[in-house]
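This report concerns only the one structure given below.
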Amino acid sequence: MAHADLATEQSLRSEIDRTDHNRRQIRGWLAVVLFALFALVIVGGATRLTESGLSITEWKPIHGVIPPLSAEEWEEEFRLYQRIPQYEQMNKGMTVEAFKTIFWWEWAHRLLARSIGVIFALPLLFFWLTGRVERRLRLPLLGILALGGFQGFIGWWMVSSGLVERTEVSQYRLATHLVIACLIFAACMWIYRGLSPHTGDAAPTQRSQTMAGIIAAMSLFQIYLGALVAGLDAGLSYNTWPLMDGAIVPGDLFVQQPAWINLFENPKTVQFLHRAGAYLLFALAFAHMVVSLRAASGTTHARRSVLLFVLLTVQAAIGITTLLLQVPIVWGVLHQAGALVVLGFAIAHWRGFVGEYPRPAAIEVRH
């Protein structure tokens, strides 16, 4: 009997060790994916801020990997760009050399996006075929892969909105493109954190997990509002802080009809909403931190709540500086990077309350 129990325990320990080993490998893979996604969003922000997103006027998922290699090919690519309204109305007289600058930004963004597809799909196939992907993760990972493929279509759908009548892409499509990218990033972070060892600290209060989820959701919503701000160049509407046009609430927020359209197409209203959302998010994070410190100051959850508030404070300072400086490229990119850092940490913090995915046996492991 004792021998049988020992054999069972050894078998169980072997299974746990194998699970831990597989999880470390998948976490390493997801860490690379997260880094690549972060880089993609940053390059995408720089592409937008340099007004380079419309420089490639065709969608060639495979052939588009190869850039122009000869003077003739560059001339042909430039001729395609000269057909769209952005060239006619904004860049008339641009040289081929100047065109190359904006072309390389968009090409790099598309190449990085394609590369992430490979970075995600091939290791996933390997882990799947070798039995390293736990059953509970199969559908979520396939969902992320499918969403990534759909994101490629959304990217072209966004670009196409600026090729016919407009000199820029639709703010609605820009927001959709950025939010989907952030959803993919958040989903990868959620799984990555769920595969990581957790402490056994109890939540500071019964509502701590709910509040962490609200902060994460609000962080994503702020990114959506930020995308509308970017698409409308709303960051140039009021370049003062804390007042807007000398008032807390400016008077021309609902000048368009119907009134609801101002929420999406009035640059001043959209900037006001982005500011208001930032204040709300800041207040929620501050309250969450205070409650966590009072209820359980020595826990990992409380320490994470402090770091989350610090990250939000830094992001707010970057946002205000970006506004006051009238959105220079470096600060605009830094603000977008900060938003993704806040979102990623908010997701990880929220997942910390949920805990890691169950193991083959109920054994607490703390690293």
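Cβ coordinates come from backbone N, Cα and C, glycine included.
Residues annotated as transmembrane segment in Swiss-Prot, with sequence analysis given as evidence: 26-46 (among others).
Annotated transmembrane segment per Swiss-Prot: 111-131 (among others), in sequence order.
Listed as Cβ neighbours of the transmembrane segment (139-159) (distance under 8 Å, sequence separation of 6 or more from its ends, same chain) are residues 53-54, 56, 59, 61, 110, 113, 116-117, 120-121, 124, 133, 169-170, 173-174, 176-177, 180-181, 183-184, 187-188, 191. Under the heading transmembrane segment, Swiss-Prot lists 139-159 (among others).
Panel annotation: around the transmembrane segment (174-194), residues 27, 30-31, 33-34, 37-38, 40-41, 44, 48, 137, 140-141, 143-144, 147-148, 150-151, 154-155, 158, 216, 220, 223-224, 226-228, 230-231, 340, 343-344, 347-348, 351-352, 354-357 of the same chain, lying at least six beyond its termini, place a Cβ under 8 Å from a Cβ of the stretch. If you look up Swiss-Prot, you'll see 174-194 (among others) marked as transmembrane segment, on the strength of sequence analysis.
Annotated transmembrane segment per Swiss-Prot: 212-232 (among others), in sequence order.
Annotation comment: Swiss-Prot describes HIS274, HIS335 as heme binding site, evidence class sequence analysis. A helical conformation is recorded for HIS274 (heme binding site) in the three-state DSSP classification. For HIS274 (heme binding site), the same-chain residues lying six or more positions away in sequence with a CB closer than 8 A to its CB are GLN222, LEU225, GLY226, LEU228, VAL229, ALA234.
Panel annotation: around the transmembrane segment (276-296), residues 201-205, 208, 211-212, 214-215, 218-219, 221-222, 225, 302, 305-306, 308-309, 312-313, 316, 319 of the same chain, lying at least six beyond its termini, place a Cβ under 8 Å from a Cβ of the stretch. The transmembrane segment annotation in Swiss-Prot covers 276-296 (among others).
Among the features that Swiss-Prot reports, transmembrane segment is placed at 305-325 (among others), with the record citing sequence analysis. Residues 215, 235, 238-241, 278, 281-282, 285-286, 288-289, 292-293, 331-332, 334-335, 338-339, 341-342, 345-346, 349 of the same chain sit 6 or more residues outside the transmembrane segment (305-325) yet have a Cβ under 8 Å from a Cβ within it.
Per Swiss-Prot, transmembrane segment is recorded for 327-347 (among others). Nonlocal intrachain contacts for the transmembrane segment (327-347), taken as residues 6+ away from its ends with a CB within less than 8 angstroms of a stretch CB, comprise 34, 38, 41-42, 45-46, 49-50, 182, 185-186, 189-190, 193, 212, 215-216, 219-220, 222-223, 226, 230, 235-236, 304, 307-308, 311-312, 314-315, 318-319, 321.
Listed by sequence, the residues of this chain that lie at least six past the ends of the transmembrane segment (26-46) yet keep a Cβ under 8 A from its Cβ atoms are 105, 108-109, 112-113, 115-116, 119-120, 123, 127, 132-133, 137, 177-178, 181-182, 184-185, 188-189, 191-192, 195-196, 329, 332-333, 336-337, 340, 344. Every protein chain shown contributes to the tally, and the Cβ of HIS335 (heme binding site) ends up with 22 other Cβ atoms within 10 Å.
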